[in-house]
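Undergrad: Sharing a structure here in structure tokens format.
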Amino acid sequence: MADKHKHVDEVSGVETTGHEWDGIRELNNPMPRWWVYSFYATIIWAIGYAIAYPSWPMLTEATKGMLGYSSRAEVSVELAAAKAAQAGNLEQIASSSVEEIIANPQLQQFAVSAGASAFKVNCAQCHGSGAAGGQGFPNLNDDDWLWGGKPQEIYQTIAHGVRHAPDGETRVSEMPPFGDMLTPELMQQTAAYVVSLTQAPSQPHLVQQGKQVFADNCASCHGADAKGNREMGAPNLADAIWLKGEGEQAVITQMKTPKHGVMPAWLPRLGDDTVKQLAVFVHSLGGGE
């Protein structure tokens, strides 16, 4: 009975599938033989693959396959080979100071490459992928160093961090809040003077008064010339590099309620070798001393 209702296309003489969409019918042509054979071939290939390689998940592991192949075992072999190739350089790094590593061209090249990888994983989240930093996070490409840019000084900062309380050798500096010590007028004068060191202030007539306020309250840390003090971690205010924000209002805000960043001590987390590699990498960025 069903054959009596089959529709045949008048032009091609081929039966249709019997369905119609907005007057459009589909010819019931058989699939090309090459397509059918290809389809069967993929089925055979899949069955062969499932037999030869690990494929079917079990309760504790997958079937091992007739070839006994394991991608994890292959990766383990490659990792072991890579570690063996690096062993010589790593041994030299372990027994050398940061300065000695930099003095050895081959070892420096290895340390810079390894340090760059460690930087991307552990440091780029704050300092940026290009180490250019951001507001509150120092730019590591320039030569504006709070604690010094010599190899061992960089190592010390990375190893023990900044204001990382659990580490007894961490870098520590703290600017007191001047909001309770100075009037708004005095802070405005000081901000005018600080800004005048690198650009034109909005109120030039306050600069001389601010210079005196600075000498009385700020020079003990930042220096009489406002160029900072690395022993105390006091930043240079006479350059055009601003860590917490630029302009008089940013200076006033930092004076009134100072913000102090925290950098973790990386030595316990990464180990001495990796910290040395990071120090060599940061030193190589262009601002190292």
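The backbone N, Cα and C atoms fix where each Cβ goes, glycine too.
The model shown is predicted, which means the values in this text are computed figures rather than measured ones.
Heads up, here are the entries from Swiss-Prot:
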- C123, C126, H127, M263: heme c 1 binding site (BINDING)
- M175, C218, C221, H222: heme c 2 binding site (BINDING)
- 110-198: domain 'Cytochrome c 1' (DOMAIN)
- 1-33: topological domain 'Cytoplasmic' (TOPO_DOM)
- 34-56: transmembrane segment (TRANSMEM)
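Tell me what's around each of these sites.
TA: Remark: M263 (heme c 1 binding site) has C126, T157, G161, V162, R163, H164, R171 as non-local neighbours, by Cβ distance under 8 Å and separation of at least 6 in sequence. Secondary structure at M263 (heme c 1 binding site), taken from DSSP and collapsed to helix, strand or coil, is strand.
A helical conformation is recorded for C221 (heme c 2 binding site) in the three-state DSSP classification.
Averaged across the topological domain 'Cytoplasmic' (1-33), pLDDT in this predicted model comes to 80.
For the transmembrane segment (34-56), the list of distant contacts is 62-67, 69-70: same-chain residues at least six beyond its ends, Cβ to Cβ under 8 Å.
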Undergrad: Using C-alpha atoms only, work out the spacing between H222 (heme c 2 binding site) and C123 (heme c 1 binding site) and round it to an integer in Å.
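TA: That separation, Cα to Cα, works out to 28 Å.
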Undergrad: Quick check: of the binding-site residues listed here (M175, C218, C221), which one has the Cα closest to that of H127 (heme c 1 binding site)?
TA: M175
Undergrad: Write out how many residues of the domain 'Cytochrome c 1' (110-198) are helix, how many strand and how many coil, based on DSSP.
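TA: The counts are 43 helix, 4 strand, 42 coil.
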Undergrad: What's the longest C-alpha separation between any two of M175, C218, C221, H222, the listed heme c 2-binding residues, in angstrom?
TA: 10
